[in-house]
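Summarising the annotation, Swiss-Prot assigns substrate binding site to Gly73, Gly74, Arg95, Asn197. Residues annotated as site 'Transition state stabilizer' in Swiss-Prot: Lys38, Lys257.
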Amino acid sequence: MTDTPDPAAVLSPAVKAAILSEALPYIRRFHGKTIVVKYGGNAMTEERLQRSFAHDVVLLKLVGLNPVVVHGGGPQIDDALRRLGKQGTFVQGMRVTDAETMEVVEWVLGGQVQQDIVMMINEAGGKAVGLTGKDGMLLQARKKLMADKEKPGELLDIGLVGDVTRVEPAVVKALQDDQFIPVISPIGYGEDGTAYNINADVVAGKIAEVLGAEKLLMMTNTPGVLDKSGKLLRSLSAQTIDELFADGTISGGMLPKISSALDAAKNGVPSVHVVDGRVPHCLLLELLTDQGVGTMISAH
């Protein structure tokens, strides 16, 4: 399939100059600040969107922001499992992870996917370095047990799925100080060395909290958070989110995403947004323009 042209390619020089002028106050505001980006969805699988993402990240670094990328890789994991004759299973948006699946997760996320992202950013002119939770003890974790919605009071064991117990930010800060762009795979490690599969949205939220990030951007395959009629909700408060959870408007993979976004907002991240990763240059649109894209999550 032929890639659709980048919309920026058809803009006149005058329009491009106006866009750059609009970005200036935002560049000043965010200069030196950490921006955590959860990278996933179509933006990881379509070549045109991959290029625009890499260019956005490099540009943000060049103008003085400190981007940190936390990536997913669900479709790539599913493809690898299918080749082994396995079918992915999910509970409340979390992948059930047995030992064989965990080996696949480590290989796909910590190897193939991470290396592709690092190479893509480097080819765009940046300096990216890949990390997993094991590097510098970045992500310490324990086994996650989930509440059974069918049997109140009981817990579900979904295998080698983890909760983050501690984030050690030293290795990320050291890379930032040396002008590198960290690219983090969401694999945590227990005290006994057991590897855990951790939802990338959860990891992005925890990383943003510990690094004192100015913004957390979560890329998705929708315009943002939608109501039951499919209309974009531009902003969500904690109370509204609770209502959307209760009536089933937010479900599936959106559950951990919005829960993590809300936790990050409650724990001090000033600005949390769910953005449409299908839009080329969505990071620049959200960070450096008046309009922005997606849904803003507020703790209040």
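Cβ atoms are placed via backbone N, Cα and C, with glycine included.
Computed from a predicted structure; not experimentally measured.
A map of Swiss-Prot features onto the structure.
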residue	record	DSSP (3 states)
Lys38	site 'Transition state stabilizer'	strand
Gly73	substrate binding site	coil
Arg95	substrate binding site	strand
Asn197	substrate binding site	strand
Lys257	site 'Transition state stabilizer'	helix
Go through Lys38, Arg95, Lys257, our recorded positions, and report the one whose Cβ sees the most other Cβ atoms within 10 Å.
Lys38
Cβ contacts of Gly73 (substrate binding site) (under 8 Å, same chain, 6 or more positions away):
Gly40, Met44, Val108, Leu109, Val113, Ala200
For substrate, what surrounds Gly73, Gly74, Arg95, Asn197 with a Cβ no more than 8 Å from their Cβ centroid?
Gly72, Ile77, Gly88, Thr97, Val105, Val108, Leu109, Pro186, Asn199, Ala200
Looking at the binding-site residues Gly74, Arg95, Asn197, whose Cα is closest in space to that of Lys38 (site 'Transition state stabilizer')?
Gly74
Rounded distance in angstrom between the Cα atoms of Lys257 (site 'Transition state stabilizer') and Gly74 (substrate binding site):
14
